Amino acid sequence: MPSTIRVRATASGDQTDVQSLIQHPMDSGYVKDAKGELIPPHYIETVTFEHDGKVVLTAFWGPAVSKDPYLKFKFSGAKKGDELKVTWTDNLGKTDSSVAKIG
Amino acid sequence: MSARHAPAAGLALVLGLAVCGIAGARAADAVDPKADMKAFQAYFYEKFPNVKHEDFVNGPYSMDEGMRKQWEEKEEFPPYDFAVEKGKELFETPFKNGKTFADCFENGGIGVRQTYPRFDAKLGEVVTLEYAVNRCLTENGETPYSYVKDDMAAVTAYMAFTSRGKPFAITVPDDPRALAAYEAGKQYFYTRRGQLNFSCASCHVQNPGRRIRAEVLAPALGITAALPIYRSEWGGMGTATRRYMSCNSQVRGTPLAPDDPLYRDVDYFLSFMSNGLPISGPGARP
């Protein structure tokens, strides 16, 4: 199965810009389908970004975050060639992770 | 016909008028797609002298500076990316009989999007890319895809992606059936419908670049080059058929069935009008 995560991280000087896109339905649990039945809640609860074994960002998400969420942030202390690991976990216990090289 | 309104005169006179009427109508209605295309393109180039010709395929972004900036940033991380990847996978996965999509298309289906829709003389009808994909599936004993989204959007997104930058090369052969299909598409495009009494042209020919509520209208010229699209409004991908159906319901009309031949004819007309403009699909729209 193809990865649900896209990450791009670029370092310039001490600062690293990170952009990520995660493919996820992010169903809130309040929306009905075409038959009028509720679509059960299915959303990402946590996303973590790790650099060199250290968590640089943790996001606590919930049902209000939209489908296929996009996230952009900056952090310092990384250099080109380092690895950045992204992991998400949803309310059904599903998880996916991906490792990107900082360019 | 004028004969119907003629006062009760001799039968010979009425017949004579009727014959004249038919002959006159035929000359005035002569279908000339090439002349139509020239006039159509000239209209847009004149209306928007500052828009580069090949930029029309980028729809509202060619018309609005602010939207363009947002789009450029979005393109760094395009929302259709997942669909292209899924499309590639579907495209390369063999059917139950061992064949793949590549066996149904010229050049293995890579870089051919700009030649669709086309008129198929054997079938006697217009074959759009979506129609070709579903014919390929049924001929190989597979279940055809939905015409509006999901797998269809993914496969056509991948095929468009491999054809990016190639200029539309649509032909209308000198075949009465092809000309009739072209004419039907053109008629559909210019016919007003729905509670709002809008034709496709009301928005996309008369008012491109202007706002309709929060949206900036895309020009009809080059509009099919960007399909299929990821629309944020839909929260997902949609095909050309989905685009036409949602246009129909936005003017509070009743959309046709997704497999209606008229949608294929409209696609044929619009793509012919965009001849020479580069494929930019899959696109991303608000």
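Placed from the backbone N, Cα and C atoms, the Cβ positions cover glycine too.
Over in TrEMBL, the protein carries these features:
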ACT_SITE  B:Cys247  active site, cysteine persulfide intermediate
BINDING   B:Cys104, B:Cys136  heme c 1 binding site
BINDING   B:Cys200, B:Cys203, B:His204, B:Cys247  heme c 2 binding site
BINDING   B:Arg243  substrate binding site
DOMAIN    B:180-286  domain 'Cytochrome c'
SIGNAL    B:1-27  signal peptide
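Location within the structure of each feature annotated in TrEMBL.
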residue: B:Cys104; record: heme c 1 binding site; Cβ contacts under 8 Å, 6 or more apart: B:Ala132, B:Arg135, B:Cys136, B:Glu139, B:Asn140
residue: B:Cys200; record: heme c 2 binding site; Cβ contacts under 8 Å, 6 or more apart: B:Tyr188, B:Phe189, B:Tyr190, B:Ala220, B:Cys247, B:Val266
residue: B:Cys203; record: heme c 2 binding site; Cβ contacts under 8 Å, 6 or more apart: B:Ile212, B:Leu217, B:Cys247
residue: B:His204; record: heme c 2 binding site; Cβ contacts under 8 Å, 6 or more apart: B:Leu217, B:Ala218, B:Pro219, B:Ala220, B:Ile223
residue: B:Arg243; record: substrate binding site; Cβ contacts under 8 Å, 6 or more apart: B:Leu227, B:Ile229
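For the recorded positions B:Cys136, B:Cys247, the largest tally of other C-beta atoms within 10 A is found at B:Cys136. Max Cα-Cα distance over the annotated heme c 2 binders (B:Cys200, B:Cys203, B:His204, B:Cys247) is 11 Å.
Excluding B:Cys200, B:Cys203, B:His204, B:Cys247 themselves, the residues of that chain whose CB lies within 8 A of the CB mean position for the heme c 2 site are, in sequence, B:Phe198, B:Ser199, B:Ala201, B:Ser202, B:Val205, B:Leu217, B:Ala220. With helix defined as DSSP H, G or I and strand as E or B, the domain 'Cytochrome c' (B:180-286) counts 44 helix, 16 strand, 47 coil.
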